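*Asks:* Straight out of TrEMBL:
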- 1-54: domain 'RING-type' (DOMAIN)
- 87-129: domain 'B box-type' (DOMAIN)
- 142-183: domain 'B box-type' (DOMAIN)
- 544-567: region 'Disordered' (REGION)
- 551-567: compositional bias 'Low complexity' (COMPBIAS)
- 573-616: repeat 'NHL' (REPEAT)
- 620-666: repeat 'NHL' (REPEAT)
């Protein structure tokens, strides 16, 4: 005998009982559960817990017998194989010819006729038994329900007072004074009530399904927010760590300054005292000799000189200062508390992002705070602050804490990078970036050491070449080699600059020569893998002749990079933007460029606008309203700047698949350029002559267009690449990223293929390229959710690799180099802009 158990469901049910949650189980199984699974053992319960939904059904004195039987299973009989089934709708017991699917009765000839012609049966569905047999439909009948009080009596009435089903004897007995009606008369009303409940339940199910979808989306969003918060916490840690390292370096530098100052003073005192003692000894020696061996006349003759000298020495004793004190004090407990209180806060649904808690506790810290004021742990002198510091917090860490500044936090400048301690206390000329200041200060330290070595009475055991062979000095000189300098060389070279270090767009070959000669001459350092030492196309030697330094390997169209370099980390200089329609927010931005003043111009694609930011992340202005008419923007994808006018070229969809529009530098519409021959603009650039260059990603083709809209020339590059993703122009060469080909293809201005740069596993899915004035080729990709930059020489040989390990990015679009050497990219799916340092000089 098979019973339906709580752990499995069987088709055969023995006396199925219906729980109040509408789940059906065998009577025996329910009794077993009611008796705690031990038969007669144990104390019986009055509550049955449904094993399917855990709904509790309370039973009465009769226990399981109080539960209704599932009559939809017990009262159904299959008569498909019966030869002559009789009518169940009347008492004539004649052979049935049809079945009513509405009242579930077999119908004889008379009942069948009544079902067809009587109004009370007009909505019933009658099917002939013969047709059901032909179609293989099972023929079933429903047995009448018997009264529980009177055996053998069928239920035919519904008591409206007791709300129960009764038989004829019940109607004449206990329910005699009650209002009763036939079951058939109650059918329509009861059916409508149940159908209404079912309809309402289905509507609730639909709402719950939507709620379930929202909850599922919420879970995904929560997971994404957790991942984002985790990345921000790591970013915060790295940024704060960098701040601490800078504070340490600054404190050590100040320590050296304080020590040397006091050391020199004490040495001067020591020298003065020693000299005075020597003078005393000489004077006393001579005087003693005079007293011992001189005559009275000789003594009288020399007494004025001797007395004057001795009196002079006695009255001009060297002044001895009190003992100097040099001590470092820090309050670790206070610092620890400041870090805990200001590391960050978590903004949840129960808190307002507009007004963060005034006193965040350790448990609700997050990574959205400005840097700590570290002056509490450096001597007694507060550290000086500058906006040009090389390390700054991402803007995303600042936005949730604006307006809440304490004495331990520095002031924000809108969305600009927060100020941080200067690296060097040595004054530097105006116009330098902080890295340039650091490099010059380091060189000044080396120069001072060299000068002191030259003037010292005791020559040191090292020389200037020894100093310049170490890594730090080499990097400093390498950085100076890439400063955009105007250099004058005389007996005391004076260097002025507006640039920084790293991959700077240098235009001075003299300065490059000077610095490279310093490196090779002083330090004996040969070629480096650092992109800082890449040389322009033409170097002007000291004899004034011009020599092209492009290696012979440039004639090889497919050089194989030698990947023996270590991937260097990139630090986050600035990060700004998040998903949203407000100013400073983005929605899937597809492209950007650098403006005349190195502003960052972003094509905010799904917000149908162009936004302009300072390179520190501060919002300046925006232009564009959604629409397809002239002057409006419809999903702008790419933007470029025409020099020297500063006009903006914007590619969007418009009424065609692609179109170009030109705006003034203030965002006022000028003209439209129809480019129906381009499907999707994957890359946009402007030549030095002001010609607009666009590359089509669907049919790999490069188009050169005049500002007035005329198509000047074009060339097909589909034979050399699969899917263009970006383009850069350097001189007369066009560099096109091949997204699916994992490399960059170089053409001349006539469209002739020259060479390839990069390869799979080195430049995977490249989506951004820029070229420094020195000829360094930077190729960016975000394969593996890490922003990676590979730097190549013009011949395609690998120079350096960089990667930002502190933030995960999805599909970076574009890459640009600032005059300071910072790398800018746009993380489309993260809805923010990243400004990165490619190198720290320590």
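Note that Cβ sites are derived from N, Cα and C of the backbone, with glycine treated the same way.
Map the listed features onto the structure and describe their local environment.
*Replies:* When Cβ-Cβ distances below 8 Å are used as the criterion, the domain 'B box-type' (87-129) is approached by residues 79, 137, 139-142 of the same chain, each at least six residues removed from its ends.
Long-range contacts of the domain 'B box-type' (142-183) within the same chain, counting only residues at least 6 positions beyond its ends with a Cβ under 8 Å from a Cβ of the stretch, are 71, 75-77, 104-105.
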*Asks:* Helix, strand, coil: count each for the residues of the repeat 'NHL' (573-616), based on DSSP.
*Replies:* 3 helix, 20 strand, 21 coil
*Asks:* Across the domain 'B box-type' (142-183), what are the DSSP residue counts per state (helix, strand, coil)?
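*Replies:* Tallying H, G and I as helix, E and B as strand, the rest coil: 6 helix, 12 strand, 24 coil.
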*Asks:* Report the mean pLDDT of the predicted model across the repeat 'NHL' (573-616), rounded to a whole number.
*Replies:* 94
*Asks:* In the domain 'B box-type' (87-129), how many residues does DSSP assign to helix, to strand and to coil?
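*Replies:* The domain 'B box-type' (87-129) comes out at 13 helix, 10 strand, 20 coil.
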*Asks:* What are the helix, strand and coil residue counts for the repeat 'NHL' (620-666) according to DSSP?
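*Replies:* Residue counts in helix, strand and coil order: 0 helix, 22 strand, 25 coil.
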